[in-house]
Amino acid sequence: MSPQTETKASVGFKAGVKDYKLTYYTPDYDPKDTDILAAFRVTPQPGVPAEEAGAAVAAESSTGTWTTVWTDGLTSLDRYKGRCYKIEPVAGEETQFIAYVAYPLDLFEEGSVTNMFTSIVGNVFGFKALRALRLEDLRIPVAYVKTFQGPPHGIQVERDKLNKYGRPLLGCTIKPKLGLSAKNYGRAVYECLRGGLDFTKDDENVNSQPFMRWRDRFLFCAEALYKAQAETGEIKGHYLNATAGTCEDMMKRAVFARELGVPIVMHDYITGGFTANTTLAHYCRDNGLLLHIHRAMHAVIDRQKNHGMHFRVLAKALRMSGGDHIHSGTVVGKLEGERDITLGFVDLLRDDFIEKDRSRGIYFTQDWVSLPGVLPVASGGIHVWHMPALTEIFGDDSVLQFGGGTLGHPWGNAPGAVANRVALEACVQARNEGRDLAREGNEIIREAAKWSPELAAACEVWKEIKFEFEAVDILDVV
């Protein structure tokens, strides 16, 4: 990088530019239990040594700047600086390496994902000395976790609210995502819930557009779910999207949902922002609302392997900020999601203590110290033939969400919901009897279809539908 060009200054310090590694590369440093630890995938510009690039990441995401400043003498740099304490090669990649950086906890505001990300994934990602930079994982120390409320309710409380146990929950996104009137939208909600689904969902695009204003949608959807509850004897929900252009409008929608007595609202947490999300999560806990989270815009940030931020980091951030559900990919559907990587961040969402496991992309052991868990939502291009794989991959503590796989049924919405509920119950029963869902899945579905004409029709429609493309973001070859 820049050569050392120090000159004497009359104020008693050496002005100029010096290599970052002199201050911020500390291979002998032993990280503290209270440090936030980060694993960065670094691709430096040609000629930039790994140690200098790693130190630059630590500096520019903590206390450093491009030149020596006299106010450095007014603080304790050793107390507040980030430290690159380890450099690790990436198998099969000569131009990349993993830089491990430790950040003192005092650098971050308590209970603020916004502040944490502003430092760790801020201006450093535009640093010219780096060709690319990706945040692969974070270790959030117990001391910082305890400053967050986390999910409004968590997995067990949600099951108790819904009185549903021993199986994944079933959902459906109402389609077409845009253009329906509020009354027709409510009709679709009613038909899906009556047919056996636990939830229906606003699409992430649905806020308050001219064809369907939010208040009208909320009213018709509430009417639909209460009618379906009365007919089925089951508790039902519809994810009413409270996302809005301002936090004030978002909260107005959440308050109206609470007044209607519905069980759950929804937020687009990346486009809406972490400050808005945490605000809404606190309201939901205080007022008994579940909170469904959509991750719209995540792939802009996390899909490319050498630059951006891995979704496991966004998942950890969401658990801290607050949400009871979050979309997590399907492994088998139309959206990006390699199996081992997906299972890794599903563990980070649901479990209380997760060991380091590089085979699943987990760089650090994470202790959530009883912060409530988040239900992963599998959604996007899935249908009844995927049910055995989804049940086997995600287990009971998940939401399986079939949009086109419900509303695309040749007989209508309610039969589409029936087909999915029958397929799910068949898979859960087969699993409980000790059958191998991965090996016998298709046979289990065929057997169930003999007793359900709705399922048989769905099986016929989607028997040839597959999404067989290789994932872009895959684990490094060791």
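Cβ coordinates come from backbone N, Cα and C, glycine included.
Positions annotated as active site, proton acceptor by Swiss-Prot: LYS175, HIS294. Feature annotation from Swiss-Prot assigns substrate binding site to ASN123, THR173, LYS177, ARG295, HIS327, SER379; the stated evidence is sequence analysis. Annotation comment: Swiss-Prot describes LYS201, ASP203, GLU204 as Mg(2+) binding site. The N-acetylproline annotation in Swiss-Prot covers PRO3 and is backed by sequence analysis. As annotated by Swiss-Prot, N6,N6,N6-trimethyllysine applies to LYS14, with the evidence given as sequence analysis. What Swiss-Prot lists as N6-carboxylysine is LYS201. The site 'Transition state stabilizer' annotation in Swiss-Prot covers LYS334.
This view paints the features noted in Swiss-Prot onto the structure.
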residue	record	CB count, 10 Å
ASN123	substrate binding site	11
THR173	substrate binding site	24
LYS175	active site, proton acceptor	16
LYS177	substrate binding site	13
LYS201	Mg(2+) binding site	29
ASP203	Mg(2+) binding site	18
GLU204	Mg(2+) binding site	22
HIS294	active site, proton acceptor	28
ARG295	substrate binding site	23
HIS327	substrate binding site	22
Next item on the list: Provide, as an integer number of angstrom, the distance between the C-alpha atoms of HIS294 (active site, proton acceptor) and LYS177 (substrate binding site).
Entry: 14
Check: Do you know offhand how many angstrom separate LYS177 (substrate binding site) and ASP203 (Mg(2+) binding site) by C-alpha?
Finding: 6
Next item on the list: Give the three-state DSSP assignment (helix, strand or coil) for ASP203 (Mg(2+) binding site).
Entry: coil
Margin query: Tell me the Cα distance separating GLU204 (Mg(2+) binding site) from ARG295 (substrate binding site), rounded to the nearest angstrom.
Written below: 9
Notebook entry, point to check: From the centroid of the CB atoms of LYS201, ASP203, GLU204, the recorded Mg(2+) site, which same-chain residues not already listed sit within 8 A by their CB, in sequence order?
Noted result: THR173, ILE174, LYS177, ASP202, ASN205, VAL206, TYR239, ASN241, MET266, HIS294
Note to self: Just to verify a number: CA distance, SER379 (substrate binding site) to LYS175 (active site, proton acceptor), in angstrom, no decimals.
What the structure shows: 13
Next item on the list: Inside 10 Å of the Cβ of SER379 (substrate binding site), count up the other Cβ atoms and send me the figure.
Entry: 25
Margin query: Whole-number answer please: how many Å between the C-alpha atoms of LYS175 (active site, proton acceptor) and ASN123 (substrate binding site)?
Written below: 39
Next item on the list: Pop the Cα-Cα gap between GLU204 (Mg(2+) binding site) and ASN123 (substrate binding site) into the table, whole Å please.
Entry: 29
